Amino acid sequence: MTDSSYDAQAVRSWLQGLQTQIADTLGAFDGTPFATDAWQRAPGEKLRGGGYTRILEGGNFFERAGIGFSDVAGDALPASASAARPQLAGRGFEAMGVSLVLHPHNPHCPTVHMNVRLLIATKAGEEPVFWFGGGMDLTPFYGYEEDAQHFHRTCRDALQPYGADLYPSFKRWCDEYFFLRHRNEPRGIGGIFFDDFSAPGFDQSFAMLRSVGDAFLKAYLPIIEKRRNIPYGQAERDFQAYRRGRYVEFNLVFDRGTLFGLQSGGRTESILMSMPPVVNWRYNWQPEPGTPEARLYSDFLVPREWV
């Protein structure tokens, strides 16, 4: 985080285009256009700035799909952003990014999350400090080996031009990050996750971020195209709702993006659009041995090298 030369407008323009491209593509896939909710922080609020929330609820394929763009600034980095770098505590900041979570109706189609972001810390009389973060991860309810392999292969290929070491490092980071410590289990089958990324300089770091964001549809669309017409019943929906409970637990207890948004006075509706619309908890529930539900735990919710 030593290179202070950056082009925030270039990042902003790309993020806005990425949000539009993904929303248009997924809206066409569903047959339902995304609604757009433009928002702006009022004068005197803790944060300045605004964004666009693209939301689809009760669609033909997606039960809930949210794609948010935000560009906000504040006077002091919240604890969730500065804990790992105490020297930046109290600095002003600008944070911009696109974050999405997609919840299909069909339990055979996985939930997916993707985020790409830029954060700039500022202090009067000192050079600004920037870094990129992001990634994508897949949360299946019924596991398919070829889907997990395709998702990870696409992530690896997006990172390959920027260093052969990035995918193994970001994959391991993702496995460690999306882990429910109180359950001793991962949230899903992972993907890639990175933060504090700026060492190659702005141009190369931004190019890597673009490669990740632009790979999202390649990673996810072939999976849902293949699984969308698999029949399912109430038992599968019940298991999906039960596993979605883990998603809620992670997002509200551990997720740095959620905590950053809430701690910084972010827009609650946009922050919590990642929540699944139907979810349940059961006391000490265990899957029947030999079932597809049991196989999710034994074969997919374990550390694996998918590619």
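Easy rule for this one: first residue shown is 1, then count along the chain.
Note that Cβ sites are derived from N, Cα and C of the backbone, with glycine treated the same way.
The region 'Important for dimerization' annotation in Swiss-Prot falls on one of the ranges 67-102, 247-282, namely 247-282.
When the Cα atoms are compared, ARG267 (substrate binding site) and HIS113 (active site, proton donor) turn out to be 19 Å apart. Across the region 'Important for dimerization' (247-282), the DSSP tally of helix, strand and coil residues reads 22 helix, 0 strand, 14 coil. Using CA atoms as reference points, the recorded positions HIS103, HIS113, HIS152, HIS182 were checked against GLY266 (substrate binding site), and the closest is HIS113. The least crowded of the recorded positions HIS113, ARG117, HIS152, HIS182, ARG267, judged by other CB atoms within 10 A of its own CB, is HIS182.
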